[in-house]
Amino acid sequence: MKTIVICSGGLDSVSLAHKIAAEHELLALVSFDYGQRHRKELDFAADCAKRLGVPHHVIDIRPIGAHLTGSALTDDIDVPDGHYAEETMRSTVVPNRNAIMLTIAFGLAAAQQADAVAIAVHGGDHFIYPDCRPGFIDSFNAMQAHALEGYADVTLFAPYVTVSKAAIVTDAVKYGTPFGETWSCYKGGLRHCGRCGTCVERREAFHLAGVTDPTDYEDPDFWVAATHAFAAQEVR
């Protein structure tokens, strides 16, 4: 299956890129610059493409991102600290982000005669992000079947959509994913903050998976209190 992977440079998408490279035919990585404050993640995506020996396409959609206002990821709004399932994390939603990115990626895939576009949405995203849920994935797949009918046959591949981030870490170990060469923090500082929702989820995932976390956090212990009120299971 000739596949293009949407890769932000984060743990999930880099893990997916390594998985696809091992199990299928990885054609390219595609990343999007939408004006995110943590744009440094794109450097990690570029490194991943170089490591896997495939092209890296960076699509500049900053003019579009400038109109998707109200998100802590793009506007002058503080990124909230805490658990990724907390209501405050809604401020990190970028409206219709995945739908926009996937539409462009499907056009690229059709032009390059790819069989699939792969995206690393997962079960932990379901709390806050509607465009990461199974219903969205299924509906987008159906829509693209009509959009490309008679021209190309491209499938949306989302192997993590029903599993946890901890399960991704467990799976990624099999493919030698270099976890230290990924970027998650929404604040985009010199180090992972350890306090934003995605840092908390990252730290928790390694703990639940029983895998050593190589990440250097400014606050390495905040996740314990942040996850205390939320039930999660160790991966066994």
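For all residues, glycine too, the Cβ spot is worked out from N, Cα and C.
As written in TrEMBL, here are the features:
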- CYS7, SER8, GLY9, GLY10, LEU11, ASP12, SER13, VAL14, SER15, LEU16, ALA17: ATP binding site (BINDING)
- CYS185, CYS193, CYS196, CYS199: Zn(2+) binding site (BINDING)
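Locations of recorded TrEMBL features on the structure.
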residue	record	DSSP (3 states)
CYS7	ATP binding site	coil
SER13	ATP binding site	helix
CYS185	Zn(2+) binding site	coil
CYS193	Zn(2+) binding site	coil
CYS199	Zn(2+) binding site	helix
For CYS7 (ATP binding site), the number of other Cβ atoms found within 10 Å of its own Cβ: 33
List of residues, in chain order, with Cβ under 8 A from that of GLY9 (ATP binding site) and at least 6 apart: SER31, LYS40, GLU41, LEU42, ASP43, PHE44, ALA45, ALA46, ASP47, CYS48, THR182, TRP183
Pairwise Cα distance for CYS7 (ATP binding site)/CYS185 (Zn(2+) binding site) [Å, integer]: 15
Cβ-centroid neighbourhood (8 Å) of the ATP site, CYS7, SER8, GLY9, GLY10, LEU11, ASP12, SER13, VAL14, SER15, LEU16, ALA17 excluded: VAL5, ALA45, CYS48, ALA120, THR182
